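Some features that TrEMBL has for this protein:
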- 8-60: domain 'Myosin N-terminal SH3-like' (DOMAIN)
- Gly163, Glu164, Ser165, Gly166, Ala167, Gly168, Lys169, Thr170: ATP binding site (BINDING)
- 598-634: region 'Disordered' (REGION)
- 600-613: compositional bias 'Polar residues' (COMPBIAS)
- 643-665: region 'Actin-binding' (REGION)
- 915-1105: coiled coil (COILED)
- 1106-1147: region 'Disordered' (REGION)
- 1116-1130: compositional bias 'Polar residues' (COMPBIAS)
- 1136-1147: compositional bias 'Basic and acidic residues' (COMPBIAS)
- 1155-1231: coiled coil (COILED)
- 1336-1436: coiled coil (COILED)
- 1531-1807: domain 'Dilute' (DOMAIN)
Amino acid sequence: MAASELYTKFARVWIPDPKEVWKSAELLKDYKPGDKILLLHLEDGRDLEYRLDPKTKELPHLRNPDILVGENDLTALSYLHEPAVLHNLRVRFIDSKLIYTYCGIVLVAINPYEQLPIYGEDIINAYSGQNMGDMDPHIFAVAEEAYKQMARDERNQSIIVSGESGAGKTVSAKYAMRYFATVSGSASEANVEEKVLASNPIMESIGNAKTTRNDNSSRFGKYIEIGFDKRHRIIGANMRTYLLEKSRVVFQAEEERNYHIFYQLCASAKLPEFKMLRLGDANNFHYTKQGGSPVIEGVDDAKEMAQTRQACTLLGISESYQMGIFRILAGILHLGNVGFMSRDSDSCTIPPKHEPLSIFCDLMAVDFEEMCHWLCHRKLATAAETYIKPISKLQATNARDALAKHIYAKLFNWIVDHVNQVLHSAVKQHSFIGVLDIYGFETFEINSFEQFCINYANEKLQQQFNMHVFKLEQEEYMKEQIPWTLIDFYDNQPCINLIESKLGILDLLDEECKMPKGTDDTWAQKLYNTHLNKCALFEKPRLSNKAFIIQHFADKVEYQCEGFLEKNKDTVFEEQIKVLKSSKFKMLPELFQDDEKAISPSSATSSGRTLLTRTPAKPTKGRPGQAAKEHKKTVGHQFRNSLHLLMETLNATTPHYVRCIKPNDFKFPFTFDEKRAVQQLRACGVLETIRISAAGFPSRWTYQEFFSRYRVLMKQKDVLSERKQTCKNVLEKLIQDKDKYQFGKTKIFFRAGQVAYLEKLRADKLRAACIRIQKTIRGWLLRKKFLRMRKAAITVQRYVRGHQARCYAKFLRRTKAATIIQKYWRMYVIRRRYKIWRTATIVLQSYLRGYLARNRYRKILREHKAVIIQKWVRGWLARTYYKRSMHAIIYLQCCFRRMMAKRELKKLKIEARSVERYKKLHIGMENKIMQLQRKVDEQNKDYKCLMEKLTNLEGIYNSETEKLRSDLERLQLSEEEAKIATGRVLSLQEEIAKLRKDLEQTQCEKKSIEECADRYKQETEQLVSNLKEENTLLKQEKEALNHLIVEQAKEMTETMEKKLIEETKQLELDLNDERLRYQNLLNEFSRLEERYDDLKEEMTLMVNVPKPGHKRTDSTHSSNESEYTFSSEIAETEDIPSRTEEPSEKKVPLDMSLFLKLQKRVTELEQEKQVMQDELDRKEEQVLRSKAKEEERPQIRGAELEYESLKRQELESENKKLKNELNELRKALTEKSAPEVTAPGAPAYRVLMEQLTSVSEELDVRKEEVLILRSQLVSQKEAIQPKNTMTDSTILLEDVQKMKDKGEIAQAYIGLKETNRSSAMDGHELNEDGELLLVYEGLKQANRLLESQLQSQKRSHENEAEALRGEIQSLKEENNRQQQLLAQNLQLPPEARIEASLQHEITRLTNENLDLMEQLEKQDKTVRKLKKQLKVFAKKIGELEVGQMENISPGQIIDEPIRPVNIPRKEKDFQGMLEYKKEDEQKLVKNLILELKPRGVAVNLIPGLPAYILFMCVRHADYLNDDQKVRSLLTSTINSIKKVLKKRGDDFETVSFWLSNTCRFLHCLKQYSGEEGFMKHNTSRQNEHCLTNFDLAEYRQVLSDLAIQIYQQLVRVLENILQPMIVSGMLEHETIQGVSGVKPTGLRKRTSSIADEGTYTLDSILRQLNSFHSVMCQHGMDPELIKQVVKQMFYIVGAVTLNNLLLRKDMCSWSKGMQIRYNVSQLEEWLRDKNLMNSGAKETLEPLIQAAQLLQVKKKTDDDAEAICSMCNALTTAQIVKVLNLYTPVNEFEERVSVSFIRTIQMRLRDRKDSPQLLMDAKHIFPVTFPFNPSSLALETIQIPASLGLGFISRV
């Protein structure tokens, strides 16, 4: 493509600028080949003539279209060059507030110098599992890519973070490690990820310092390897450090600080444990005051010290080691204060008892004299002898500083080794991810050895980076089968050879260090002689002979040779080290055990950075000379070796690059300095990446993307069925030069600038189409406007003419009307005048008559009031006398009662002394509580609980005391008021006397007043007229005020209603929050329970080896029993094996939930104790009543015994009848039936056999009844023999109480009747059926039964006795307390004594009232329960009597003809119960719950059938009054449901099925509980099926909690299913084709990041929603519950979609907003189809809807801002601003949102109080409720399918 085609008029270009680096301009004239000047128009309005370079004739860089500006990836730009990269970064950083940008494989991170809310756990969850190109650039995206490639490719990864000091390297590395720690978690319970993160504060405190560029600058490099196991969970870490800046320990530049740890120690010097360090302010120490800036603004060093210590503790550094570290650091500070005095020019000394040195020696535990000597002397060794030579003051100061640096470096190394030991894992490491936080390219005014090493390391890293980029480009081209052409890129191998090769700079430096008289000058001369004019990269400065210049990849750097040799040697005096090694402080010699540094007798000088490597675990053994060789290693040699090791590690991993950019040198937030940014972009290799990309084919499109974007450039005939061929044909027409593009297998590759050219063609085509459309529309609008104006003119004319005609007709009518009005007006005036005169006359008469009547009334009134006053005064006198008498009587009574109380007090004191014997009885209760609390045998906890109760009671007592005090004060006030009233009465009497005098005066004055009355009449007449006028005015004012009051009342009512509505909403929100909190706690509890079960199973598999023949009890059962505190005997027996087999569980600490449950159980036991006490009282009352009625009993008993004998005869006749029927049936089967009919396989035979078995079963039942009756008869006879009568009601009461259920009570009742029959019954009558032996066996069984009942009753009575003893003990304690209170009251003064006694009495009465109310409620419940039982007994007795009246004698049965096939039999009336044997319980649970498949058998069942079956079984257990059976069944049911959900918890159908059945079971327990609130919708038959014996409210709560857990699991399952569909279906898929055209981003996703999953659409989501809904409806889930599930599903869809929208810049466009709104409308249509619009699901999509509207509305003016603020009420301010910042036009006709408009939005929303959180909580679960939903299904009609395998259950 020719330049003339691109450099046309209005084309925009970049020109160099000295201030802004690059400046934008616009061509005013087309460029023609050969032009030397370009006419440009700058953005500031100036015109410029830009001269081209006559040599190169290079044209300025073209500017990218605005649509491409702000892209996520710099390589997606059409024109790839430095100004485009700089401008794109600036727009993203300044305008969009985006700090991350991709540049190919590099993540460019610009330091914002401000805390941004983009690193929370919600952002981590949003990036987890996402492809790198799908989301906006972020450090988390790079970390996720590394983690994903490690897991997928089984290859180690590295993240290389580099940049200048202050660019944010350390923070980026920390966030990457936090991401790994959050996403992966640890493989063990040691919380390795927390330890990895905890290493950061430690390393920052000892390795970071404040510099002029950064307040927290890392002064060392580090490489952290985070190890993972095979399941990709963190198991450990390892750290390597590089080039610690040791010189900072002894010297800091202006405005800089030493390492943070020193200032933290000084800030914490006042702590008690630090007093021994003898520290003070940082300005008191030489090593911390040189920079003159000891404080960092906004940083509290004392708090940082606490965090550092906490991190040390977390990493396992003990307190003793921590104090050892702090001692060494404090010693370094004191060593810096050591001063020297010169003796002469060659020697110096330290003052005696020098305090800093003394403190240093005390802290280091070394000899003062020895250390003082070797600080001022040195040892010189020759071949023959050794000399000790004094040193000068300057040399001694340098030696002191060298020692301080050496100690600090050793301590730093020791801490790093210790951290590595803690982070090391015993588990084998499967893979690792390394994070390299290393310094970037550095160039200063004076560059020394440190900068040389740093830039050498960056050269190596840049070489590795270039090779990796080149490799990726080559792989991409080969994958797409594009011809590979060699790309020329900068190779810095010559520069590396210059530094590290043989006779290189480092080699010459090491050689010079070995020379005896080597200096920096001689080394510089060697460099000049070796490399000057021989290597192009090495230069010599013109004006210096002590410096050299190296051409690095980033820039030329001039290094000063001064100090190179000494820094490379890094020496310290050997004698000083020996003194430290001889220290008694154990930790100090540890630092110098493996000393690898050079210990030379030569003079020590200051050194800069030095390399620290890990200390080997095992020291190598070698020749004696080997150690000497090791000591000769220089800093440069060590650094080169460690750098090679690092490069080998990086080359063996897949690298990921993060380049941190410092936007300005002043740390201003979001301020961009172009010059500084360009320097760093050149230095960090970003521009090299751009250059390599631009050299090839940087823009890459898939064929489908190209077709979708440039379909407008194609004609219909060009479109073929094959997209690839279509794209080839179009490109050949559009771009003639075939070298500008290449066709790959799946993509089209374009050279730089070609996409911009295609965009220009597309924009021109669209612009021409827009002009044509505008022309047509404007013509149509103008024609329409003309026709509208013509029609309007005709209409106006018609209306004007009509108006004129109407005006003339109106004039005629008004003239006629005027004459009529005049006539009537005149008549009205005369009539009005007459009425006024008449009214005035009547008013005068009325006022005069009224005046006379009022005078007469006043006189009568005065006389009446005088009589009343006399009456009240006489009454008051009588009452006063009465009160005085009553007061005296009461006083006498009080004195007498006090005397009696004192006597009673003496008695109580005597009784109180015998309280000690009751303490022994308390042991039983404690043991019982200890058993209930199981493993909680610590009495301290019980004591604490009791103390808490006591404090609560004291609080209640204090509150009651305050109330009584207030009441007493109120009474005192009323007494004072009464006194005041008495005074008023006296004053009133005086006033009465005065009034009498005044009355006489008024009588005298009356006459004078009457004389004045005449005068008043005239004045009154005038006043009347005035009052009338005033009256009218007042009426008007009154009406106005009434109107105002009405309006105010309306406003008040409206405001009150609004407030009421708001308060109601607030209460609902609070209720939902409480419910959500409870359900979250329940969810957490279930999660912990599952984790506990898993751990227990693992322990069982690892530790316990089962013995042969031993069957282990399921521990899940026992654990769940303890969870719900069911106290059944079965649970206790099943829990014993688990305790014996798992001794490790005893070490588990008691959690709070178990403690609260035990506390609840204790309260229940206290309630049961109270119930037993009430029963005991009732028994005593019954005994007293029975003695009173003893004489009346024999007559009544005689009648009852006769009735019972008749009953027995009827039962015997019934028995005979059944036998006869059985005999006749057998005869019919054997004699009269045909052989073929009675054959074993015949249908009739089967029917008869079924009837025979049923009759046999009935016969057996009757036999058992007879046996039980006769056993009861014998037992009653034996009980009667000692006594002649059965009149003692206590015996009857005890017998009745021993009966377990209603059946036994009825049988005992019949047995009692039998005992009163005549004693003449002989043995023949008993043996008439030959069943005497059976009767004897039955009697023995009955005796055993009674014996067991007696034993259980005895145990219960013992328990009752223990409870009563405890009650007596509590009563005695209460008595003691009362005595103490009484003694305290006696010590008080009389007034306070009365007050205290009143308060005590009121408190006692209040407590008694509360107790009585509770007892009354319990008694009411008991009465209701007994009434229900009585009704059931009465009904059963009635049915029994009816059945006996219908008995037929055996003779009648014999005479009837026998029909063997059809035997008439009454159909059994089922009661809606199911009976099963106790041993079949596990089979029932297994078949009905554990092995029931929702997709199999359960599909064809009645919805909720398992719940109905379980409830019918519970009903039968309740009918039998079997407490153990009920509890066992319910517990097994709950545990089995949990087991099923744990096993198949990922299956939606399973979870939905058991949620439906659990809710139905819960509703059945409510519906048939017998509570009136749940029985409203029941039929009479259903009310008969209510539970009669047990209150299962406790189990209802347990089932409700279980339902909540299942619901939350259901939500998690559907979330896992919907999660991968939402983003693809709601955002990425184009439901409306052609609306959201593909933007020309050319985004280069890594091939390794592209997932292999299928593409989901909106239809996929809708199909999945239909599937969920149909499954829930099929399982019979409650409609309200379905609505809640749908609401939760829609919330997940909305939240995930909105979160991805907020994190994806490419999705924030106008067309995508339309796409989202269409998708939301489809979801709403689905809700309408399912009748779920009132479920609240639509409201959960409101934030997404508003975000889509925000993408589509206008965003320019203030009115638009106001509309946005009012529209987006469901979005937070952060979300609104984020969407506006991310808004990206897809077409050039759209406009970006201006920064000023976004600021306007922020100003308008600054008062809005909403959450600062950016993303919605996609994991949020709404609190679920289970509204009561009764079933209309009758239980007796339910049939059990044979497919369930429940044949062992029988209907009752």
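If you go along the chain as it appears here, the first residue is 1 and each next one adds 1.
Every residue gets a Cβ built from N, Cα and C, even glycine.
Unlike curated records, TrEMBL annotations are generated automatically.
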Beyond the site residues Gly163, Glu164, Ser165, Gly166, Ala167, Gly168, Lys169, Thr170: chain residues whose C-beta lies within 8 Å of the centroid, for ATP: Asn111, Asn214, Ser217, Ser218, Gly440, Cys660, Lys662
Listed in sequence order, residues with CB under 8 A of Gly168 (ATP binding site) and six or more positions away: Ala109, Asn111, Cys660, Lys662
Number of Cβ atoms other than its own within 10 Å, given for Ala167 (ATP binding site): 26
Residues of the region 'Actin-binding' (643-665) by DSSP state, where helix covers H, G and I: 9 helix, 8 strand, 6 coil
Densest Cβ neighbourhood among Ser165, Thr170 (binding-site residues), 10 Å radius: Thr170
Binding-site residues compared (Gly163, Gly166) - the one with the fewest other Cβ atoms within 10 Å: Gly166
Summary of DSSP states over the domain 'Myosin N-terminal SH3-like' (8-60), given as helix, strand and coil counts: 0 helix, 24 strand, 29 coil
Densest Cβ neighbourhood among Glu164, Lys169 (binding-site residues), 10 Å radius: Lys169
Taken over the coiled coil (915-1105), the model's mean pLDDT: 76
